[in-house]
Amino acid sequence: ISGHQRVKKRNFTPYQLAWVTIPKFGPQGIGSPSVYHAVIVIFLEFFAWGLLTAPTLVVLHETFPKHTFLMNGLIQGVKGLLSFLSAPLIGALSDVWGRKSFLLLTVFFTCAPIPLMKISPWWYFAVISVSGVFAVTFSVVFAYVADITQEHERSMAYGLVSATFAASLVTSPAIGAYLGRVYGDSLVVVLATAIALLDICFILVAVPESLPEKMRPASWGAPISWEQADPFASLKKVGQDSIVLLICITVFLSYLPEAGQYSSFFLYLRQIMGFSSESVAAFIAVLGILSIIAQTIVLSLLMRSIGNKNTILLGLGFQILQLAWYGFGSEPWMMWAAGAVAAMSSITFPAVSALVSRTADADQQGVVQGMITGIRGLCNGLGPALYGFIFYIFHVELNELPMAPVPITSRNSIIPGPPFLFGACSVLLALLVALFIPEHTNLNVRSSNWKKHCGSHGHPHSPQAPGEAKEPLLQDTNV
């Protein structure tokens with residue numbers, strides 16, 4: 001009898017034994033559930049959105065000619081906060097009702113704004129904001145992967161999904177910029193819509209359910225654990241251990257500016273620094289490739305040579321340098337140079353995750369990782385809004401849409417990018433806090449309720465705690 005569920009000892013007929021040992025799945029797709037199904041879903045979704053990188057920047061300014069950065073920050077901030085609030089609930093519902101239906105739901109609502117770009121830009125940005133409620137495809141995808149992999153296989157499976165995410169963003173903005181320049185943005189929107197529909201059809205037809213049918217209740221009215229659905233559940237445990245508190249403060253102060261930077265930086269390059277659409281696409285591609293190298297080869301070498309804590313400090317130092325360079329830089333070549341430094345700063349969060357996994361007890365992994373994930377989810381909402389507000393109070397506005405790569409910003413401005421300088425100060429505080437994190441310690445978080453909850457609602461075949469939501473390394477970097 002497999003370990004999928006415990007049964008009392010009794011005499012089984014061969015048919016009954018087969019029913020117990022072989023998990024039954026819901027609506028069948030093509031083949032058995034595999035990591036490759038999840039990889040294709042992620043690639044198609046982010047490839048569709050990557051195509052729209054250049055058109056979105058143009059439509060954003062045309063729709064909000066005044067206070068462009070403020071509106072961009074508000075749109076992305078509302079989306080981030082809604083995602084933070086809804087991700088645990090959707091994860092809890094998928095634990096009860098299955099993954100396939102929620103993959104379909106999240107991909108549909110995440111891609112729903114795409115065709116509205118040319119139909120009604122106002123509705124396009126409004127739907128983007130509201131879509132944050134369901135824009136949590138990664139949460140469902142990683143739950144899907146956890147269902148079908150053993151613990152020793154999971155790291156490699158997550159890495160494959162992460163690499164697929166990076167690959168889609170490395171190639172698609174350049175393709176979208178080229179097609180937009182040659183054939184117009186309308187064709188790019190139609191192509192992105194078609195790829196999104198292809199993703200939805202792939203889920204409907206080809207993706208099999210990963211959650212065994214016997215793990216799901218017979219009716220849709222089955223209760224779920226509201227403790228698992230509480231987005232603030234992990235944050236409530238932050239202050240229970242001083243080391244955990246230091247780590248979480250470090251993550252908050254360093255990821256808050258990174259989340260804000262990700263939401264506005266490409267608009268900043270396009271409209272303020274005068275980058276062309278092709279230059280922005282090339283910047284994304286180069287930064288993505290360098291980040292992949294930094295988070296694989298360089299990170300591995302640093303962890304072995306200088307240790308975990310020093311790697312975190314080095315990553316924070318690179319982040320301070322690149323944010324200060326973005327803040328004071330007034331020439332395009334400075335942005336390219338700072339981008340190379342930004343790729344090196346992407347080693348920070350993987351090093352933090354490694355420090356937590358190395359120092360926390362086995363039964364504390366999900367609790368502490370869940371806290372860090374909750375902190376980053378909160379930053380995804382606060383960071384973009386904060387950057388948009390700082391641009392607004394420093395009167396960084398756009399007067400006209402540049403048709404050639406000529407910077408609009410004044411050459412005499414002392415600080416062309418005020419939010420980036422603010423971000424550098426925030427990361428400097430994170431560096432000072434990180435100095436007090438010991439290299440080797442045992443994290444002790446009181447989690448009796450958490451463990452009790454895991455025992456009653458977690459899946460025996462998936463050792464992840466409900467609060468643990470491992471995300472791809474590149475999702476939260478400057479890519």
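Glycine is treated like the rest: Cβ placed from N, Cα and C.
All TrEMBL annotations are machine predictions without curation.
Sequence-distant contacts of the transmembrane segment (34-54) (same chain, six or more residues past either end, CB-CB distance under 8 Å): 103, 107, 110-111, 114, 117, 137-138, 141, 144-145, 148-149, 157, 160-161, 164-165, 167-169, 171-173, 175-177, 179-180, 185, 188-189, 191-193, 195-196, 198-199, 202-203, 206-208, 266, 270, 277, 280-281, 284. Annotation source TrEMBL lists transmembrane segment at 34-54 (among others).
According to TrEMBL, the domain 'Major facilitator superfamily (MFS) profile' annotation covers 34-442.
For the transmembrane segment (74-94), the list of distant contacts is 101-102, 105-106, 125, 128-136, 139-140, 143, 211, 224-225, 228-231, 233, 259, 263-264, 374, 377-386, 388, 466, 469: same-chain residues at least six beyond its ends, Cβ to Cβ under 8 Å. What TrEMBL records for 74-94 (among others) is transmembrane segment.
Per TrEMBL, the feature transmembrane segment maps to 101-117 (among others). Away from its own ends, the transmembrane segment (101-117) comes close to residues 41, 45, 48-49, 52, 55-56, 59, 90, 93-94, 123-125, 127-128, 131, 133-137, 140-141, 144, 189, 192-193, 196, 199-200, 203-204, 207 of its chain (Cβ-Cβ under 8 Å, at least six residues beyond either end).
Beyond the ends of the transmembrane segment (123-145), by six or more residues, the same chain brings 33, 35, 37-38, 41-42, 45, 59-60, 63, 71, 74-75, 78-83, 85-87, 90-91, 94-95, 99, 102-103, 105-110, 112-113, 116-117, 154, 157-158, 161, 210, 462, 469-472, 475 to within a C-beta distance below 8 angstroms of the stretch. Marked as transmembrane segment by TrEMBL: 123-145 (among others).
Marked as transmembrane segment by TrEMBL: 157-180 (among others).
Feature annotation from TrEMBL assigns transmembrane segment to 186-207 (among others).
Beyond the ends of the transmembrane segment (243-260), by six or more residues, the same chain brings 73, 80, 237, 312, 316, 319, 323, 348-349, 352, 355-356, 359, 368, 371-372, 375-376, 378-380, 382-388, 419-420, 422-424, 426-427, 429-430, 433-434, 436-438, 441, 443, 445, 476-478 to within a C-beta distance below 8 angstroms of the stretch. Under the heading transmembrane segment, TrEMBL lists 243-260 (among others).
Taken from TrEMBL, the feature transmembrane segment applies to 280-303 (among others).
Remote same-chain partners of the transmembrane segment (310-328), defined as residues 6 or more beyond its termini with a Cβ less than 8 Å from a stretch Cβ, comprise 250, 254, 257-258, 261, 265, 299, 302-303, 334-335, 337-339, 341-342, 344-348, 351-352, 355, 414-421, 423-424, 427-428, 430-431, 434-435, 437. The transmembrane segment annotation in TrEMBL covers 310-328 (among others).
As annotated by TrEMBL, transmembrane segment applies to 334-356 (among others).
Per TrEMBL, the feature transmembrane segment maps to 377-394 (among others).
According to TrEMBL, the transmembrane segment annotation covers 414-437 (among others). Only residues 6 or more beyond the boundaries of the transmembrane segment (414-437), in the same chain, are considered here, and those with a CB under 8 A from a CB of the stretch are 243, 246-247, 249-254, 256-258, 260-261, 264, 268, 272, 309, 312-313, 316-317, 319-320, 323-324, 326-330, 355, 386-387, 390-391, 394, 396.
Annotation source TrEMBL lists compositional bias 'Basic residues' at 450-460.
For 450-479, the entry in TrEMBL reads region 'Disordered'.
For the transmembrane segment (280-303), the partner stretch with the most Cβ pairs below 8 Å, chosen from 157-180, 186-207, 377-394, is 157-180. Beyond the ends of the transmembrane segment (186-207), by six or more residues, the same chain brings 29-30, 33, 37, 40-41, 44-45, 47-49, 51-52, 54-55, 100, 103-104, 107-108, 111, 114-115, 117-118, 176, 179-180 to within a C-beta distance below 8 angstroms of the stretch. In this model, the domain 'Major facilitator superfamily (MFS) profile' (34-442) carries an average pLDDT of 81.
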